[in-house]
Amino acid sequence: MDKIVIEGGFPLRGDIRISGAKNSAIKLMAVCLLTDQQITLTNMPRLRDTRSMGQLLTHLGVEVGEVGASTMTLHAPKLSSSEAPYDLVRKMRATFNVLGPLLAREEEARVSLPGGCAIGARPVDLHLKALEAMGAKIELEQGYVVASAKGGLRGAEISFPFVSVGATEHALLSAVLAKGETVLMNAAREPEIIDLANCLNAMGAKITGAGRSEVRIEGVAKLGGVEHSVVPDRIEAGTYALAAATAGGSVRLTHVRHDHLGALWPLIAQAGARVSLDDSTVLIERGTGRPNPVDIDTQAYPGFPTDLQAQFMALVGLADGVSIIRENIFENRFMHCPELTRMGADITVRGREAIVRGVPEYVAAPVMATDLRASASLINAGLAARGETHISRVYHLDRGFEHIEVKLGQCGARIKRVPDD
Ligand SMILES: CC(=O)N[C@H]1[C@@H](OP(=O)(O)OP(=O)(O)OC[C@H]2O[C@@H](n3ccc(=O)[nH]c3=O)[C@H](O)[C@@H]2O)O[C@H](CO)[C@@H](O)[C@@H]1O
Ligand SMILES: C=C(OP(=O)(O)O)C(=O)O
């Protein structure tokens with residue numbers, strides 16, 4: 001297994017090209033199950049999660065091809081299995097979203113309960129209730145969801161008790177081929193949901209309202225092929241913006257949708273970095289001097305994303321004052337706190353809140369990545385720390401950040417990947 005070694009204390013200077021969004025790409029890959037025509041996805045990130053999703057789709061009978069560095073083709077003239085086994089589903093969350101499309105196409109499916117980052121209990125009850133409302137019969141058997149929908153799924157009114165990105169996407173994927181109209185209420189409004197709906201509509205689906213709380217889907221009999229470009233990764237962009245704000249320097253992000261990070265920019269500016277937004281680029285500049293303390297409160301989109309909470313904490317950990325970070329989405333998403341503390345941070349966790357008393361500097365230490373975004377916060381802290389930080393268990397990082405050490409290295413970071421012994 002590899003580890004990342006960073007010699008910190010050097011400002012970042014340069015450009016970083018933002019990749020396609022992991023959290024969109026892996027859901028978009030599942031649309032191939034809904035048609036016998038070819039799907040071509042461009043601006044695809046090369047990640048462990050896209051490979052894992054590719055392995056699952058291959059197991060189901062999909063022909064998965066890679067063209068150049070960032071194009072993927074998916075073609076499923078017919079499927080060879082409707083079972084998604086534990087070993088292929090446990091690695092990440094979104095693999096579970098094949099359940100609805102398999103039901104829509106094969107009228108039956110057996111899908112393992114999902115894995116993903118260990119940041120909370122993460123049940124799938126809302127996914128299953130939505131499918132049941134659409135006429136699926138569902139049983140749980142030894143860690144598997146065994147489902148059938150003889151005669152196909154049918155449209156339904158589904159009101160989510162709280163916002164769930166995964167359940168909204170799963171309901172969309174399931175409803176496009178259902179008989180009749182489906183109405184989703186209290187749907188998630190993330191840009192990745194709009195991306196999925198745009199792709200499905202280009203295939204012939206009839207979805208209106210994606211990106212709003214109420215989404216309507218008029219089922220169609222058949223979907224065709226499509227070529228679709230994956231939306232830029234707002235979490236990757238936010239992570240590098242926060243890296244520049246934490247380590248100092250001047251970094252220009254390119255190929256960004258900065259309108260997808262409206263909740264982040266004012267808070268980075270409040271922390272003391274200069275943020276310049278321009279078409280598809282963002283320039284982040286921070287000189288010497290400590291950041292200002294800033295409180296954050298994670299919320300569903302368009303609020304502050306939980307996937308940037310750990311990275312923001314690494315920034316305000318160096319602030320001249322106290323910041324309160326409230327995590328509202330996942331009940332156990334403070335696993336980076338003990339690791340940041342090993343680097344000298346002063347953090348007290350009380351339930352859903354972390355009280356971060358800024359320290360003048362981080363000091364390098366051996367630390368362990370615990371989940372995907374926690375790993376990114378340790379990288380950002382390592383870039384600012386005095387000395388050589390060693391981050392182990394980087395397989396978490398590889399799930400969601402394409403060539404992170406190359407991208408940061410191009411900005412002058414002294415970062416390398418070495419085998420861990
Ligand atoms: C692959 C992917 O896109 N992952 C993202 C997705 O995760 P994911 O889709 O899993 O997140 P959800 O929006 O569904 O989860 C929100 C909350 O709802 C709970 N819940 C969810 C479903 C359900 O059936 N029952 C239930 O109780 C979850 O445990 C969590 O506390 O959105 C999260 C919130 O923006 C992000 O942090 C993840 O990076
Ligand atoms: C939590 C994440 O992924 P997953 O939902 O697959 O665990 C993430 O992308 O930050």
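Using the three backbone atoms N, Cα and C, a Cβ is placed for every residue, glycine included.
Checking the candidates ARG90, ARG93, ARG257, ARG274 against TrEMBL: the one annotated together with ARG122, PRO123, VAL124, ASP125, LEU126, ASP307, ILE329 at the UDP-N-acetyl-alpha-D-glucosamine site is ARG93. Only ASN23, in sequence order, out of the recorded positions LYS22, ASN23, CYS117 have a CB under 6 Å from ligand 1. Residues belonging to the domain 'Enolpyruvate transferase' (7-408) score a mean pLDDT of 96 in the model. Sequence-distant neighbours of ASN23 (phosphoenolpyruvate binding site) (same chain, 6+ residues apart, CB-CB distance under 8 A): ALA94, VAL165, GLU190, GLU192, ASP233, ILE235, ASP307. Of all Cβ atoms in the shown protein chains, 28 besides its own fall within 10 Å of the Cβ of LYS22 (phosphoenolpyruvate binding site).
Sequence-distant neighbours of CYS117 (active site, proton donor) (same chain, 6+ residues apart, CB-CB distance under 8 A): ARG93, ASP371, LEU372, ARG373, HIS396.
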